[in-house]
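Annotation source TrEMBL lists domain 'Amidase' at 22-463. Taken from TrEMBL, the feature active site, charge relay system covers K76, S151. Residues annotated as active site, acyl-ester intermediate in TrEMBL: S175.
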Amino acid sequence: MHNKTIAELAKGLADGEFSSVELTQHFLGRIDALDSQYNSFITVTPEQALAQAEAADATRAAGNAKALTGVPVAHKDIFCTNGVLTTCASKMLSNFVAPYDATVVDKFNSAGMVSLGKTNMDEFAMGSSNENSFYGAVKNPWDTNAVPGGSSGGSAAAVAARLAPGATGTDTGGSIRQPAAFCGITGLKPTYGRVSRWGMIAYASSLDQGGPMARTAEDCALLLNEMAGFDPKDSTSLKKAVPDYTADLNQPLSGLRIGLPKEYFGKELSAEMSDAIMASVKEFEKLGATVQEVSLPNTMLAIPSYYIIAPAEASSNLSRFDGVRYGYRCENPENLEDLYKRSRGEGFGKEVQRRILVGTYALSEGYYDAYYRKAQRIRRLIQQDFLNAFNEVDLIMGPTTPTPAFDLGSNTDDPVQMYMEDIYTLAVNLAGLPGISVPAGLVNGRPVGLQILAGHFKESQLLNAAHQLQTATNWHQLAPSAGQ
Ligand SMILES: NC(=O)C[C@H](N)C(=O)O
(Lines of atoms letter the chains of each structure in order from A and count residues from 1; the text may use other names and numbers.)
(Lines give C-alpha, C1' and ligand atoms only; values in the text may rest on other atoms or scores of the structure.)
Protein backbone atom coordinates (compact mmCIF):
# COMPACT_ATOMS: atom_id res chain seq x y z
CA MET A 1 0.00 0.00 0.00
CA HIS A 2 2.81 2.43 0.87
CA ASN A 3 4.18 2.37 -2.67
CA LYS A 4 0.94 3.70 -4.08
CA THR A 5 0.63 7.37 -4.97
CA ILE A 6 -2.05 9.58 -3.43
CA ALA A 7 -4.04 9.30 -6.68
CA GLU A 8 -3.86 5.49 -6.46
CA LEU A 9 -4.74 5.49 -2.75
CA ALA A 10 -7.75 7.74 -3.39
CA LYS A 11 -8.89 5.32 -6.09
CA GLY A 12 -8.32 2.30 -3.82
CA LEU A 13 -10.42 3.92 -1.12
CA ALA A 14 -13.16 4.82 -3.60
CA ASP A 15 -13.16 1.27 -5.02
CA GLY A 16 -13.35 -0.24 -1.55
CA GLU A 17 -10.00 -2.08 -1.94
CA PHE A 18 -9.05 -0.97 1.57
CA SER A 19 -10.50 1.30 4.24
CA SER A 20 -8.97 4.48 5.59
CA VAL A 21 -8.49 2.74 8.94
CA GLU A 22 -6.47 -0.04 7.25
CA LEU A 23 -4.43 2.48 5.32
CA THR A 24 -3.81 4.63 8.36
CA GLN A 25 -2.80 1.63 10.47
CA HIS A 26 -0.39 0.59 7.74
CA PHE A 27 1.39 3.96 7.68
CA LEU A 28 1.40 4.23 11.49
CA GLY A 29 3.00 0.79 11.59
CA ARG A 30 5.72 1.88 9.17
CA ILE A 31 6.43 5.03 11.15
CA ASP A 32 6.69 2.95 14.30
CA ALA A 33 8.99 0.40 12.71
CA LEU A 34 11.21 2.62 10.60
CA ASP A 35 11.32 6.22 11.75
CA SER A 36 13.96 5.64 14.41
CA GLN A 37 16.35 5.49 11.41
CA TYR A 38 15.31 8.86 9.95
CA ASN A 39 13.86 10.95 12.78
CA SER A 40 11.41 12.47 10.33
CA PHE A 41 8.56 12.93 12.83
CA ILE A 42 8.55 15.07 15.97
CA THR A 43 5.07 13.96 17.03
CA VAL A 44 3.02 11.00 15.82
CA THR A 45 -0.72 11.17 16.59
CA PRO A 46 -2.04 7.60 16.25
CA GLU A 47 -5.25 8.11 18.24
CA GLN A 48 -6.26 11.22 16.36
CA ALA A 49 -5.30 9.62 13.04
CA LEU A 50 -7.39 6.52 13.66
CA ALA A 51 -10.37 8.60 14.82
CA GLN A 52 -10.11 10.69 11.65
CA ALA A 53 -9.80 7.50 9.57
CA GLU A 54 -12.92 6.01 11.17
CA ALA A 55 -14.80 9.23 10.50
CA ALA A 56 -13.57 9.18 6.89
CA ASP A 57 -14.79 5.61 6.41
CA ALA A 58 -18.17 6.58 7.85
CA THR A 59 -18.38 9.60 5.53
CA ARG A 60 -17.64 7.32 2.59
CA ALA A 61 -20.20 4.76 3.69
CA ALA A 62 -22.77 7.56 3.82
CA GLY A 63 -21.89 8.49 0.23
CA ASN A 64 -20.34 11.84 1.09
CA ALA A 65 -16.67 11.20 0.34
CA LYS A 66 -14.64 13.93 -1.41
CA ALA A 67 -11.57 13.46 -3.60
CA LEU A 68 -9.08 12.81 -0.78
CA THR A 69 -11.34 11.60 2.03
CA GLY A 70 -9.46 9.05 4.11
CA VAL A 71 -6.00 9.75 2.66
CA PRO A 72 -3.32 10.07 5.37
CA VAL A 73 -0.72 12.83 5.25
CA ALA A 74 1.72 14.50 7.65
CA HIS A 75 2.06 18.16 8.54
CA LYS A 76 5.31 20.07 8.92
CA ASP A 77 5.55 21.06 12.57
CA ILE A 78 5.30 24.73 11.62
CA PHE A 79 1.52 24.39 11.09
CA CYS A 80 -0.61 24.88 14.18
CA THR A 81 -2.70 21.81 14.97
CA ASN A 82 -5.47 22.12 17.52
CA GLY A 83 -4.67 20.17 20.70
CA VAL A 84 -1.41 18.80 19.26
CA LEU A 85 2.15 19.83 20.11
CA THR A 86 3.38 22.41 17.58
CA THR A 87 7.08 23.06 18.15
CA CYS A 88 8.59 24.53 14.98
CA ALA A 89 11.46 22.21 16.04
CA SER A 90 12.45 24.72 18.72
CA LYS A 91 13.03 24.37 22.44
CA MET A 92 11.18 27.69 22.59
CA LEU A 93 7.93 25.95 21.59
CA SER A 94 8.69 22.50 22.97
CA ASN A 95 5.72 22.84 25.36
CA PHE A 96 3.33 24.61 22.96
CA VAL A 97 0.04 22.86 22.23
CA ALA A 98 -1.71 24.94 19.60
CA PRO A 99 -5.23 26.05 20.55
CA TYR A 100 -6.40 26.17 16.92
CA ASP A 101 -5.79 24.70 13.47
CA ALA A 102 -3.90 26.52 10.72
CA THR A 103 -6.11 27.19 7.70
CA VAL A 104 -4.22 24.56 5.68
CA VAL A 105 -4.76 21.96 8.42
CA ASP A 106 -8.40 22.96 8.72
CA LYS A 107 -8.88 22.59 4.95
CA PHE A 108 -7.33 19.11 4.97
CA ASN A 109 -9.53 18.11 7.90
CA SER A 110 -12.63 19.41 6.12
CA ALA A 111 -11.61 17.38 3.06
CA GLY A 112 -11.78 14.30 5.30
CA MET A 113 -8.03 13.67 5.24
CA VAL A 114 -6.12 12.02 8.06
CA SER A 115 -3.13 13.58 9.84
CA LEU A 116 -0.48 11.05 10.91
CA GLY A 117 1.51 13.61 12.89
CA LYS A 118 3.98 16.47 12.72
CA THR A 119 7.26 16.32 10.83
CA ASN A 120 10.72 17.45 11.88
CA MET A 121 12.26 20.58 10.37
CA ASP A 122 15.00 23.15 10.86
CA GLU A 123 14.20 25.31 13.87
CA PHE A 124 11.75 28.05 12.81
CA ALA A 125 12.44 26.93 9.20
CA MET A 126 15.95 28.37 9.28
CA GLY A 127 18.30 26.02 7.53
CA SER A 128 19.04 23.97 4.44
CA SER A 129 19.93 20.62 5.98
CA ASN A 130 17.51 19.90 8.82
CA GLU A 131 20.45 19.85 11.21
CA ASN A 132 19.11 22.90 13.10
CA SER A 133 16.37 21.03 14.95
CA PHE A 134 16.00 20.88 18.71
CA TYR A 135 14.78 17.32 18.10
CA GLY A 136 17.94 16.22 16.28
CA ALA A 137 18.89 16.01 12.62
CA VAL A 138 16.76 14.16 10.08
CA LYS A 139 18.57 11.52 8.01
CA ASN A 140 18.12 11.10 4.28
CA PRO A 141 16.37 7.76 3.51
CA TRP A 142 18.61 7.33 0.44
CA ASP A 143 21.72 7.39 2.60
CA THR A 144 21.54 7.97 6.32
CA ASN A 145 24.95 9.70 6.22
CA ALA A 146 23.40 12.43 4.08
CA VAL A 147 21.19 15.36 5.05
CA PRO A 148 17.60 15.35 3.74
CA GLY A 149 17.74 19.10 2.99
CA GLY A 150 15.80 21.74 4.84
CA SER A 151 13.87 23.21 6.22
CA SER A 152 11.02 20.78 5.38
CA GLY A 153 13.45 17.85 5.71
CA GLY A 154 11.16 15.73 7.88
CA SER A 155 8.30 15.99 5.39
CA ALA A 156 10.62 15.09 2.48
CA ALA A 157 12.24 12.16 4.31
CA ALA A 158 8.86 10.81 5.48
CA VAL A 159 7.49 10.85 1.93
CA ALA A 160 10.68 9.36 0.43
CA ALA A 161 10.73 6.54 3.02
CA ARG A 162 7.04 5.85 2.35
CA LEU A 163 6.06 6.74 5.91
CA ALA A 164 3.41 9.10 4.49
CA PRO A 165 2.15 9.38 0.92
CA GLY A 166 2.27 13.19 1.08
CA ALA A 167 3.04 16.01 3.45
CA THR A 168 2.79 19.73 3.84
CA GLY A 169 5.88 21.92 3.68
CA THR A 170 6.69 25.60 3.70
CA ASP A 171 9.13 27.44 1.48
CA THR A 172 10.72 30.76 2.42
CA GLY A 173 13.86 30.38 0.32
CA GLY A 174 13.72 26.83 -0.98
CA SER A 175 12.46 24.84 2.00
CA ILE A 176 10.04 22.73 -0.05
CA ARG A 177 12.02 22.42 -3.27
CA GLN A 178 15.50 21.73 -1.87
CA PRO A 179 14.54 18.86 0.47
CA ALA A 180 12.28 17.47 -2.28
CA ALA A 181 15.34 17.43 -4.58
CA PHE A 182 17.62 15.84 -1.95
CA CYS A 183 15.08 13.11 -1.12
CA GLY A 184 13.98 12.32 -4.70
CA ILE A 185 10.38 13.50 -4.39
CA THR A 186 8.24 16.24 -5.95
CA GLY A 187 7.65 19.52 -4.10
CA LEU A 188 5.73 22.60 -5.18
CA LYS A 189 6.15 26.13 -3.84
CA PRO A 190 3.03 28.02 -4.91
CA THR A 191 2.80 31.70 -5.86
CA TYR A 192 3.02 33.99 -2.82
CA GLY A 193 -0.57 34.54 -1.69
CA ARG A 194 -1.98 31.33 -3.17
CA VAL A 195 -2.03 29.36 0.11
CA SER A 196 -3.10 30.87 3.43
CA ARG A 197 -0.34 31.54 5.95
CA TRP A 198 -2.78 31.73 8.87
CA GLY A 199 -1.62 29.42 11.63
CA MET A 200 1.69 28.78 9.88
CA ILE A 201 4.29 30.02 12.35
CA ALA A 202 5.82 33.10 10.73
CA TYR A 203 9.49 33.22 9.75
CA ALA A 204 9.78 35.84 6.99
CA SER A 205 6.26 36.94 6.19
CA SER A 206 6.89 38.46 2.77
CA LEU A 207 8.47 35.19 1.58
CA ASP A 208 6.82 32.28 3.46
CA GLN A 209 4.47 30.09 1.47
CA GLY A 210 3.01 26.66 2.23
CA GLY A 211 2.82 23.95 -0.38
CA PRO A 212 2.54 20.21 -1.09
CA MET A 213 5.25 17.54 -1.05
CA ALA A 214 4.52 14.12 -2.55
CA ARG A 215 6.04 11.61 -4.93
CA THR A 216 4.41 12.84 -8.13
CA ALA A 217 3.23 16.05 -9.76
CA GLU A 218 -0.27 14.60 -9.97
CA ASP A 219 -0.29 14.11 -6.20
CA CYS A 220 0.95 17.66 -5.66
CA ALA A 221 -1.94 18.86 -7.85
CA LEU A 222 -4.43 16.88 -5.74
CA LEU A 223 -2.99 18.30 -2.51
CA LEU A 224 -2.83 21.86 -3.85
CA ASN A 225 -6.52 21.61 -4.76
CA GLU A 226 -7.22 21.24 -1.05
CA MET A 227 -4.67 23.80 0.19
CA ALA A 228 -5.14 26.79 -2.10
CA GLY A 229 -7.61 29.63 -1.82
CA PHE A 230 -8.41 33.01 -0.36
CA ASP A 231 -8.50 33.26 3.42
CA PRO A 232 -9.94 36.38 5.06
CA LYS A 233 -7.69 35.60 8.07
CA ASP A 234 -4.51 36.15 6.01
CA SER A 235 -4.23 39.64 4.55
CA THR A 236 -1.63 38.46 2.04
CA SER A 237 -3.76 35.66 0.63
CA LEU A 238 -5.19 36.62 -2.72
CA LYS A 239 -8.80 36.68 -3.86
CA LYS A 240 -8.34 34.61 -6.94
CA ALA A 241 -10.39 31.60 -8.01
CA VAL A 242 -8.70 28.23 -7.48
CA PRO A 243 -8.64 26.14 -10.66
CA ASP A 244 -8.76 22.35 -10.58
CA TYR A 245 -5.01 21.73 -10.66
CA THR A 246 -5.50 18.24 -12.09
CA ALA A 247 -7.47 19.54 -15.10
CA ASP A 248 -4.47 20.50 -17.26
CA LEU A 249 -2.05 17.72 -16.34
CA ASN A 250 -2.36 16.08 -19.74
CA GLN A 251 -2.12 19.14 -21.98
CA PRO A 252 0.37 18.46 -24.78
CA LEU A 253 3.65 20.38 -24.54
CA SER A 254 4.24 21.02 -28.24
CA GLY A 255 5.33 24.60 -28.77
CA LEU A 256 6.20 25.11 -25.08
CA ARG A 257 9.12 27.55 -24.80
CA ILE A 258 11.68 26.60 -22.16
CA GLY A 259 14.36 29.01 -20.96
CA LEU A 260 17.62 27.84 -19.41
CA PRO A 261 19.20 30.66 -17.39
CA LYS A 262 22.90 30.80 -18.20
CA GLU A 263 23.59 31.84 -14.59
CA TYR A 264 22.18 28.50 -13.36
CA PHE A 265 24.73 26.48 -15.31
CA GLY A 266 27.94 28.21 -14.14
CA LYS A 267 31.07 26.69 -12.68
CA GLU A 268 29.48 25.93 -9.30
CA LEU A 269 27.47 23.22 -11.09
CA SER A 270 29.35 19.97 -11.65
CA ALA A 271 29.31 18.24 -15.04
CA GLU A 272 27.34 15.31 -13.53
CA MET A 273 24.67 17.64 -12.17
CA SER A 274 24.45 19.53 -15.44
CA ASP A 275 24.18 16.26 -17.41
CA ALA A 276 21.33 15.03 -15.20
CA ILE A 277 19.40 18.27 -15.66
CA MET A 278 20.01 18.32 -19.42
CA ALA A 279 18.71 14.74 -19.68
CA SER A 280 15.34 16.01 -18.38
CA VAL A 281 15.44 19.01 -20.69
CA LYS A 282 15.98 16.60 -23.62
CA GLU A 283 12.80 14.76 -22.60
CA PHE A 284 10.88 18.01 -22.88
CA GLU A 285 12.32 18.53 -26.36
CA LYS A 286 11.07 15.06 -27.30
CA LEU A 287 7.65 16.14 -26.01
CA GLY A 288 7.68 19.05 -28.47
CA ALA A 289 9.13 21.91 -26.40
CA THR A 290 11.75 24.32 -27.69
CA VAL A 291 14.73 25.36 -25.59
CA GLN A 292 16.62 28.63 -25.50
CA GLU A 293 19.08 30.39 -23.24
CA VAL A 294 17.80 33.20 -21.01
CA SER A 295 19.58 35.43 -18.54
CA LEU A 296 18.75 36.26 -14.93
CA PRO A 297 21.64 38.66 -14.41
CA ASN A 298 21.06 39.38 -10.71
CA THR A 299 21.06 35.72 -9.62
CA MET A 300 24.21 36.05 -7.50
CA LEU A 301 22.66 38.95 -5.57
CA ALA A 302 19.79 36.77 -4.39
CA ILE A 303 21.84 35.30 -1.54
CA PRO A 304 22.93 38.60 0.06
CA SER A 305 19.51 40.14 -0.54
CA TYR A 306 17.57 37.18 0.92
CA TYR A 307 19.92 36.78 3.87
CA ILE A 308 19.18 40.39 4.87
CA ILE A 309 15.43 40.45 4.21
CA ALA A 310 14.60 37.05 5.76
CA PRO A 311 16.55 37.66 9.00
CA ALA A 312 15.15 41.21 9.23
CA GLU A 313 11.58 39.88 9.08
CA ALA A 314 12.48 37.01 11.39
CA SER A 315 13.91 39.38 14.00
CA SER A 316 10.55 41.13 14.08
CA ASN A 317 8.39 37.98 13.94
CA LEU A 318 10.35 36.15 16.61
CA SER A 319 10.16 39.05 19.08
CA ARG A 320 6.83 37.57 20.22
CA PHE A 321 8.67 34.69 21.91
CA ASP A 322 9.54 36.47 25.13
CA GLY A 323 8.95 33.86 27.82
CA VAL A 324 5.85 35.73 28.99
CA ARG A 325 2.93 34.80 26.78
CA TYR A 326 3.75 31.25 25.73
CA GLY A 327 6.65 28.97 25.02
CA TYR A 328 9.81 28.36 26.99
CA ARG A 329 10.43 30.37 30.14
CA CYS A 330 13.77 30.30 31.97
CA GLU A 331 13.96 29.12 35.59
CA ASN A 332 13.95 31.68 38.41
CA PRO A 333 14.35 34.96 36.53
CA GLU A 334 15.78 37.77 38.64
CA ASN A 335 13.79 40.51 36.94
CA LEU A 336 11.99 41.19 33.65
CA GLU A 337 15.17 41.83 31.67
CA ASP A 338 16.71 38.61 32.94
CA LEU A 339 13.51 36.78 32.00
CA TYR A 340 13.66 38.05 28.41
CA LYS A 341 17.38 37.50 28.04
CA ARG A 342 17.58 34.02 29.42
CA SER A 343 14.29 32.74 27.98
CA ARG A 344 15.39 33.80 24.50
CA GLY A 345 19.04 32.87 25.01
CA GLU A 346 18.15 29.39 26.26
CA GLY A 347 15.05 28.82 24.11
CA PHE A 348 16.47 29.64 20.65
CA GLY A 349 19.17 27.58 18.95
CA LYS A 350 22.37 29.03 17.47
CA GLU A 351 21.21 29.60 13.88
CA VAL A 352 18.00 31.31 15.03
CA GLN A 353 20.01 33.58 17.31
CA ARG A 354 22.42 34.37 14.48
CA ARG A 355 19.56 35.43 12.23
CA ILE A 356 17.87 37.53 14.92
CA LEU A 357 21.17 39.35 15.44
CA VAL A 358 21.77 39.87 11.71
CA GLY A 359 18.19 41.02 11.19
CA THR A 360 18.19 43.40 14.13
CA TYR A 361 21.48 44.88 12.94
CA ALA A 362 20.20 45.31 9.37
CA LEU A 363 17.11 47.15 10.61
CA SER A 364 18.90 49.36 13.12
CA GLU A 365 19.20 53.10 12.69
CA GLY A 366 22.24 54.02 10.64
CA TYR A 367 22.38 50.62 8.90
CA TYR A 368 18.83 50.38 7.57
CA ASP A 369 19.64 52.18 4.30
CA ALA A 370 22.90 50.35 3.74
CA TYR A 371 21.42 46.90 4.23
CA TYR A 372 17.65 46.50 4.39
CA ARG A 373 16.73 49.20 1.86
CA LYS A 374 19.40 48.07 -0.54
CA ALA A 375 18.30 44.44 -0.23
CA GLN A 376 14.73 45.49 -1.07
CA ARG A 377 15.95 47.35 -4.15
CA ILE A 378 17.84 44.28 -5.31
CA ARG A 379 14.68 42.26 -4.72
CA ARG A 380 12.90 44.48 -7.23
CA LEU A 381 15.65 43.93 -9.82
CA ILE A 382 15.49 40.18 -9.30
CA GLN A 383 11.75 40.18 -9.88
CA GLN A 384 12.25 42.27 -13.02
CA ASP A 385 14.80 39.71 -14.34
CA PHE A 386 12.15 37.01 -14.15
CA LEU A 387 9.45 39.16 -15.74
CA ASN A 388 11.82 39.94 -18.62
CA ALA A 389 12.64 36.24 -19.08
CA PHE A 390 8.95 35.29 -19.04
CA ASN A 391 8.41 37.67 -21.97
CA GLU A 392 10.55 35.28 -24.01
CA VAL A 393 9.70 31.85 -22.59
CA ASP A 394 6.86 30.02 -20.84
CA LEU A 395 8.88 28.08 -18.28
CA ILE A 396 12.36 28.38 -16.81
CA MET A 397 14.29 25.22 -15.95
CA GLY A 398 17.50 24.44 -14.13
CA PRO A 399 18.87 22.50 -11.19
CA THR A 400 17.11 22.90 -7.83
CA THR A 401 20.44 22.68 -6.00
CA PRO A 402 24.11 22.98 -6.96
CA THR A 403 24.92 19.51 -5.58
CA PRO A 404 23.10 16.36 -4.47
CA ALA A 405 22.55 15.93 -0.72
CA PHE A 406 25.74 16.58 1.22
CA ASP A 407 26.97 14.59 4.22
CA LEU A 408 25.60 15.30 7.68
CA GLY A 409 27.90 17.70 9.51
CA SER A 410 29.82 18.81 6.41
CA ASN A 411 28.47 22.40 6.30
CA THR A 412 27.54 23.01 9.91
CA ASP A 413 30.64 25.07 10.76
CA ASP A 414 30.29 27.33 7.74
CA PRO A 415 26.97 29.22 7.59
CA VAL A 416 27.89 31.02 4.38
CA GLN A 417 28.57 27.71 2.61
CA MET A 418 25.17 26.53 3.89
CA TYR A 419 23.50 29.69 2.51
CA MET A 420 25.19 29.07 -0.88
CA GLU A 421 23.15 25.86 -1.18
CA ASP A 422 20.11 28.07 -1.76
CA ILE A 423 21.51 29.85 -4.83
CA TYR A 424 18.86 28.57 -7.29
CA THR A 425 15.85 28.68 -5.00
CA LEU A 426 15.96 32.00 -3.12
CA ALA A 427 15.29 34.34 -6.03
CA VAL A 428 11.98 32.61 -6.70
CA ASN A 429 10.69 33.60 -3.24
CA LEU A 430 12.03 37.14 -3.59
CA ALA A 431 9.96 37.39 -6.79
CA GLY A 432 6.90 35.61 -5.33
CA LEU A 433 6.86 33.08 -8.17
CA PRO A 434 5.75 29.43 -8.14
CA GLY A 435 8.35 26.70 -8.57
CA ILE A 436 8.44 22.93 -8.50
CA SER A 437 11.26 20.45 -7.97
CA VAL A 438 10.91 17.07 -9.67
CA PRO A 439 13.20 14.05 -9.44
CA ALA A 440 15.77 14.03 -12.26
CA GLY A 441 17.83 10.92 -11.57
CA LEU A 442 20.78 10.17 -9.33
CA VAL A 443 24.29 11.61 -9.06
CA ASN A 444 26.68 9.53 -6.92
CA GLY A 445 23.70 7.46 -5.79
CA ARG A 446 21.85 10.46 -4.38
CA PRO A 447 18.80 12.12 -5.99
CA VAL A 448 18.91 15.42 -7.83
CA GLY A 449 16.01 17.72 -8.64
CA LEU A 450 15.02 19.62 -11.76
CA GLN A 451 13.51 22.98 -10.86
CA ILE A 452 10.77 24.36 -13.10
CA LEU A 453 9.57 27.95 -12.69
CA ALA A 454 6.56 29.75 -14.16
CA GLY A 455 4.93 33.18 -14.00
CA HIS A 456 2.70 34.20 -11.11
CA PHE A 457 -0.31 31.89 -10.59
CA LYS A 458 0.79 29.50 -13.34
CA GLU A 459 0.90 26.46 -11.04
CA SER A 460 -1.25 24.52 -13.53
CA GLN A 461 1.39 25.01 -16.20
CA LEU A 462 4.16 23.83 -13.86
CA LEU A 463 2.18 20.77 -12.85
CA ASN A 464 1.36 20.01 -16.47
CA ALA A 465 5.04 20.08 -17.48
CA ALA A 466 6.11 18.06 -14.43
CA HIS A 467 3.38 15.48 -15.00
CA GLN A 468 4.30 15.08 -18.67
CA LEU A 469 7.92 14.48 -17.67
CA GLN A 470 6.75 11.89 -15.15
CA THR A 471 4.60 10.23 -17.79
CA ALA A 472 7.61 9.94 -20.12
CA THR A 473 10.27 8.94 -17.55
CA ASN A 474 10.51 6.99 -14.32
CA TRP A 475 12.93 9.03 -12.19
CA HIS A 476 10.09 9.82 -9.78
CA GLN A 477 9.58 6.09 -9.24
CA LEU A 478 13.11 5.45 -8.02
CA ALA A 479 12.91 4.61 -4.33
CA PRO A 480 15.47 4.42 -1.55
CA SER A 481 15.88 0.85 -0.35
CA ALA A 482 13.97 1.83 2.80
CA GLY A 483 10.88 2.51 0.74
CA GLN A 484 10.67 -0.85 -1.04
N1 LIG B 1 13.23 28.44 5.01
C2 LIG B 1 13.79 28.18 3.86
O3 LIG B 1 13.14 28.28 2.83
C4 LIG B 1 15.20 27.69 3.85
C5 LIG B 1 16.32 28.64 3.72
N6 LIG B 1 17.49 27.85 3.53
C7 LIG B 1 16.47 29.48 4.98
O8 LIG B 1 17.19 29.04 5.85
O9 LIG B 1 15.96 30.55 5.09
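Heads up, the Cβ atoms here are built off N, Cα and C, so glycines get one too.
In this structure the alpha carbons, written CA, of S151 (active site, charge relay system) and S175 (active site, acyl-ester intermediate) are 5 Å apart.
Among the active-site residues K76, S151, S175, the ones whose Cβ sits under 6 Å from an atom of ligand 1 are, in sequence order, S151, S175. S175 (active site, acyl-ester intermediate) sits 11 Å from K76 (active site, charge relay system), counting Cα to Cα. Long-range Cβ proximity for K76 (active site, charge relay system), meaning a same-chain Cβ under 8 A and a gap of 6 or more residues, is found for K118, T119, M121, S152, G154, S155, A167, T168, G169, T170.
Counting Cβ atoms from all protein chains shown, the residue listed as 'active site, acyl-ester intermediate' has 37 others lying within 10 Å of its own Cβ.
For the recorded site, K76 (active site, charge relay system), the DSSP three-state label reads strand. S151 (active site, charge relay system) has a Cβ environment of 35 other Cβ atoms inside 10 Å. Across all of the domain 'Amidase' (22-463), the predicted model scores a mean pLDDT of 97.
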